[in-house]
Amino acid sequence: MKGDRLVIRELNKNLGLLLVTINQYFLHARILKNWGFEELGEHFFKQSIVEMKAADDLIERILFLEGLPNLQELGKLLIGESTEEIIACDLTKEQEKHEALLAAIATAEAQQDYVSRDLLEKQKDTNEEHIDWLETQQELIGKIGLPNYLQTAAQED
């Protein structure tokens with residue numbers, strides 16, 4: 001099925017952001033694990049898998065619309081050098097993705113591509129959950145202090 005070029009462009013923009021986020025979460029997971037924060041590292045690792053599945057969904061949709069998934073135009077990774085920076089960098093990236101998702105949803109709606117819109121809406125819901133989790137981590141650090149937060153982050157299941 002030949003898709004609308006504007007929708008395909010928006011899907012590719014979101015795909016690029018997801019690909020960056022996959023790498024960012026994965027690297028942060030490994031950094032945190034290396035620092036001894038097993039539980040927190042595991043959360044970020046699982047998050048990278050969630051992002052990978054979302055990217056796969058976009059790739060399949062772009063191909064279905066007879067577009068070419070663009071896996072080459074990648075943005076900049078935001079890599080934190082402390083736990084607080086890691087959380088802040090990932091929150092910034094998730095907020096960037098949120099803005100792109102809203103634009104893509106509006107384009108899909110305007111072009112009457114309701115399947116793409118629904119896919120993007122689902123990804124927006126997941127994105128908002130990620131934003132909420134990251135904001136909660138920042139609030140926890142503010143309330144209980146970084147040393148106490150890191151103590152809980154180091155625990156293994």
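Backbone N, Cα and C atoms are what each Cβ position is placed from, and that goes for glycine too.
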Co-listed Fe cation-binding residue [Swiss-Prot; alongside Glu94, His130] among Glu39, Glu42, Glu51, Glu60: Glu51
Shell list (Fe cation; ref centroid = CB of Glu51, Glu94, His130; cutoff 8 A): Thr21, Tyr25, Gln47, Val50, Asp90, Lys93, Lys97, Thr126, Asn127, Ile131
Counts of helix, strand and coil residues, the domain 'Ferritin-like diiron' (1-145), according to DSSP: 117 helix, 0 strand, 28 coil
Neighbourhood of Glu94 (Fe cation binding site) by C-beta distance under 8 A, where only residues 6 or more apart in the same chain count: Thr21, Asn127, His130, Ile131, Leu134
